[in-house]
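Worksheet: one structure, shown below.
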Amino acid sequence: MEDGKGRYGAECDWWSLGVCMYEMLYGETPFYAESLVETYGKIMNHKNCFDFPDDPSFQVSEEAKDLMRRLICSPECRLGQNGLEDFKNHPWFIGVNWATIRETEAPYIPEVSSPSDTSNFDVDEPDLKGSDSVPPSSNSVFSGLHLPFVGFTFSSKSRLSGFGVQNGIDYHTEENNYIYEQRIQKLEHDKMDLQRRLREMSKFFKQQGIIFDGEDYGKNRSTEAESRKLQDEINTLRKRKSELEMETSKLRKEHRDMMCGKQELDSLQDEKILRLRELEKALRFAKAENDELHRDLMDCHEKLKLQAKDLKDALGQRKLAMTEYAEVSDKLSELRAQKQKLSRQVRDKEEELETAMQKIDLLRQDLRKAEKFRREMNVFQFEARIDEAQSEATKERRLRERTEEYAHHLEDEMEALKQRHIGRAPSPVHLEALQEVNRLKMELERMDLHRNEALTEQQARHHVDITALHEQLREADLAIEAMEREIMTLKEKIEITRSESTAENNEILGELKRAHDKEKNILQEENRKLELEVDKLNQVVSKQQEDRHKTDDDINHLKDKNDSIAKWESQVSEIIQWVSEEKDARSYLQALAIKMTEELENIKSSGLTPSTAEKNWRNRRSQKLEKMELLNLQSSLNSEIQAKQSIADELSKVRAELVLVQKELKETKQKVENVKNDSSKKDNLIRELQQKLDSAGDNWDSAGAGDEADVEDNQPPSVTSSKSNASDNSGEMLSAPVSPIIDTRPAHLPPKPKAHQFLVRTFVAPLKCNHCTSLMVGLIRQGAVCEVCGFACHVVCQEKVPAMCPVPPDQTKRPVGIDPTRGIGTAYEGYVKVPKPGGVKKGWMRQFVVVCDFKLFLYDLAQDKSAQPYVCVSQVLDMRRSIMKYLKTCLMGPCSKIFNNAFDEIQFSSQKFLTAFFVIYLSGFYPDFSELLMRIIKKDILDDN
């Protein structure tokens, strides 16, 4: 503490509390030693020296010992770091009601008669001895030994504490006066006592008739004890007198020193007053600047609040626009659902038509078979049956012939036998032969009858079958005619329904899609702009917050410096007050010393005259004491001069810091001005954005329909230009990578004509030129795009583009199809199926095709249905080469000759097969493509001829 290596804080008071508790419980201090150095050594080595006595007479609880250990320890682990909570939670204080501790009655109340009763304190020795213990010497400039010990004790009603410091200006003077008055009263009391005792002694000597002399001492044996007693009293009185003389001389010297110090302090006080006035003036100036900076900071806060409010309004408008966009998206999804439903109905009708066509084909095949069968029946059936009958007849005739021959043979044999056996009786063998002949005859007749019956029955059955077949043919013809009539009616109904539904759906969906795309583009552009503005405002707000924090830090720094200046001023005023009090006290003591000196002179003159030797000894002792006091006073004066010098140095440092603070204040003012300028610019920007948002809200209701977009699920998307900056959610439309800048100015203001600002760009999807409608082919840097209006075109076409930006709508319209003479332009774009690399047997894969400049450009697609085509061209087919001759016949009636509602085989020299999905693809593909192919075929025919 003396060397400036520490600080006095609350932890020192907790240490003192532990020491007081130890002394109260054990009756002695914990670090007692005979010398001050040893005491300091024990305190510094408290970790090893602090211990409790082993005397069993001291009954101290372990909780009390633990509390003392945790108070008399290092500051890192000492109680009190968390305030009173550490003590409230300690076991030694269990049962204490901390809420009412000030109103609680003390466990021991001493008995006193008055506030000044000191009977309960120990009686000290009567003689006044100055303490010879001083703090250890050090090389510090200012030890603070003679400064008043202010601010290190606490009492709820003390003027030295924080509670009574406001009204405690004259407290030190009153306390010093009270101490000096007590000392004066005590000295007067001692003086009166000495005078009384001198009078009694003189009276006693007069009554006894004895004159005190050093030479006659011891002659009178009877009064030896009384004389010894009186001699002791005289010695004590002399000693006391010498002490009083020393004190008076000391007071005189102090008076002289105080007079010199008073002059010096007066000069220093005048100089300090001037310096304090300058510091006060500078402080007022700094406070004024601080107030001005605070006002500027409050203005900045208000502006930030306004900007935050405007930002909230913009975000609210953005949320409203997003809700409207969500509603539009919901409506569009509903319309898409309706469209899909209608598409499903159309597909169902088409499937029904296909099934009807299949039935018709089957019926036609049955009809052909029936006709063929009828013809065969008319020609071949009867011939076959006649041949069969003739063959059977020939077989029967041959059998009959054989039978007749056999019969003739038998008859011959019978006749021969008859001739051989004439006159003989018939033998059994002959009878058996006759029976066998008769039997064979009967069997032959039966077989003839059976053959005739079978023949008649077969003829009747053939006749019935022929009549049944004729009836079936007649019924089949009638059914075919009815089915043909029904198919024709169904075809007519389907064609009418399909045309009506397709036209109606295309019209409704086209209008809705155009409106939705327009609103979507506007919302996306506004959303993008709002996001940019929000990002900018967030950056501005963050920057202003950083500036505000920096300004707050500067202000806090200035406040800390002002507080330090005020603290130094208060310390200087206390030092000046203490010096003035010391002057008054020394002047009072000087007067008192003079008075006491006069009284002592009177006492000397009225008392006994000491011997010459004693006088000399006293003079020498008084001179030594005076020299010692003079040395002490000189050291104290030097220390005070050094303290004054250190205070002057500190004042110069404070003045330098004040100059730095003023410089920082100027810089802070400049920063505040910059912040003001930035905030004004941002306010103007916010107003412009608000106007743009208002104009965008006005244009919301008056916005027209956008560009026409293709929304059919199975319909091929067109290669989009850079004017459409968003794609359909279904992913079937290809969007250009260039986002246009939508003009958000009011609708009634005509756009100012400007020049195009073309930049060469690289596109990620096939894109066609807005000027010549031809593809911009390539992997990188395919074309140029205007940064203002988003007009995309070839680099070569830049010079041909109208100079007005944006290009008027009437100049951007081009005829449908391509230029048939030059082939410039895009005739068709859509999706087709081509054979896989392994051939048609491996299957078909989906590709994106563009017919442009007498060429077919084929682009690969990913597996996803909504995937965009790659920018790299998979294959390019030149349609000006030779084409198979049968294409001419196919082109005469394309719809009837295309199998499965697809393209017929278009064979180039590389034999490339293309297949479209539905016939609806052909409606956009065929007109221009057929015109182009017809021109190429005619040219090839003329070349062949």
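Each residue, glycine too, has its Cβ placed from N, Cα and C.
Please treat TrEMBL annotations as automatic predictions, because they have not gone through curation.
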Given ranges 157-205, 500-548, 696-744, the stretch to which TrEMBL attaches the annotation region 'Disordered': 696-744
Secondary structure composition of the domain 'Phorbol-ester/DAG-type' (755-805) [DSSP: H/G/I, E/B, coil]: 5 helix, 13 strand, 33 coil
Whole-number mean of pLDDT values that fall within the domain 'AGC-kinase C-terminal' (94-164): 61
Helix, strand and coil residues within the domain 'Protein kinase' (1-93) as assigned by DSSP: 47 helix, 0 strand, 46 coil
